[in-house]
Amino acid sequence: MAQFFIEKEEALRRYDQLINIRFPAMTAFLFAAFILKVSFNVSSPNLLFFLISFMLISTIIYDFLFRQIKEPKSSQIVNGYFGYLLFDVIILSIVIYLVGGITWLGFIFYGLYIYTGFLLFPRIYSLFFIFYCSFLYTALVIVQYLEILPLQSSFSLEERIPQNFPYAFSAWIAAIIFFWLFGYYGDTFYKFLQEKIKVLQKTKEMLKEERASLEIRVRARTEELSEERESLEEKVRERTRELEGGRKELTKRIVELERFRKVAVGRELKMRALKKEIEKLEKALKKSSSR
């Protein structure tokens, strides 16, 4: 099935929007986790810091390698980043498991990944990514429900109360970061839509101007054709009059010629009759002389 990618310049611009926010977002999460661990003695496994750092570094490495392509095609931009996200969301699933899994707000970050995917990917890619994230989250639910792996959480059930400042602070930090990310991508969507609307409005105005210009040209051409038709009709009438006059003149000449022909024929007949008379007279004279 053929895929329809956006134009290269547009794809590259959207890629920049997506990749540029990852570094500050991950840095903010890493910093928040560090503050909670150092300042509030919140238990966070070292693996959590390693994985977030790994996601941060992998983003930098991928972007660096991508920038080495001199003239990337639209398909390279989309397919490359799509493949990177398929790997990155696996690491995200492990991070979600380490901070509480299904017992906390991890599913929201799957939603953020899916939400941003529609900014760059074709529809079929985004739908596949939804199923992919659903599969990973389902696997996380099964792992925690069957207790295949021990429950990992920075806060116990007893600690998850609004009066527990570290928990309230971490929930607040996570929510604020999510809000800003969601707002950033929402603003990006809004700008893209505004640009498309401006292009459509400009195209609409151009079409209006072209339509008005075309109507003026059509009216002018219609008037020209009308004048040409009237002029042609006048020429036809004039030529018809000329031909009619010529026909009458020709008829007159034919009548004259016919009259002349009749006169000439009459003269010819008279000449022949006279000739015969002369011949008779000559014969009669010859007979008289011989006697």
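Even glycines carry a Cβ here, placed using N, Cα and C.
Per TrEMBL, the features are as follows:
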type     : residues : note
COILED   : 190-291  : coiled coil
TRANSMEM : 21-40    : transmembrane segment
TRANSMEM : 46-66    : transmembrane segment
TRANSMEM : 78-98    : transmembrane segment
TRANSMEM : 104-121  : transmembrane segment
TRANSMEM : 128-146  : transmembrane segment
TRANSMEM : 166-186  : transmembrane segment
Beyond the flanks of the transmembrane segment (78-98) by at least 6 residues, Cβ under 8 Å | 5, 11, 15, 18-19, 44-45, 47-48, 51-52, 54-55, 58-59, 62, 66, 72, 104, 106-107, 109-110, 113, 117, 120-122, 125, 129, 132-133, 136-137, 139-140, 143-144, 149, 152
For the transmembrane segment (104-121) and the transmembrane segment (21-40), decide whether they are in contact, meaning at least 3 CB pairs lie under 8 A, counting pairs 6 or more apart in sequence.
-> no
Positions whose Cβ lies under 8 angstroms from the transmembrane segment (21-40), at least six residues beyond its ends | 48-49, 52-53, 55-56, 59-60, 154, 165-166, 169-170, 173-174, 177, 181, 184-185
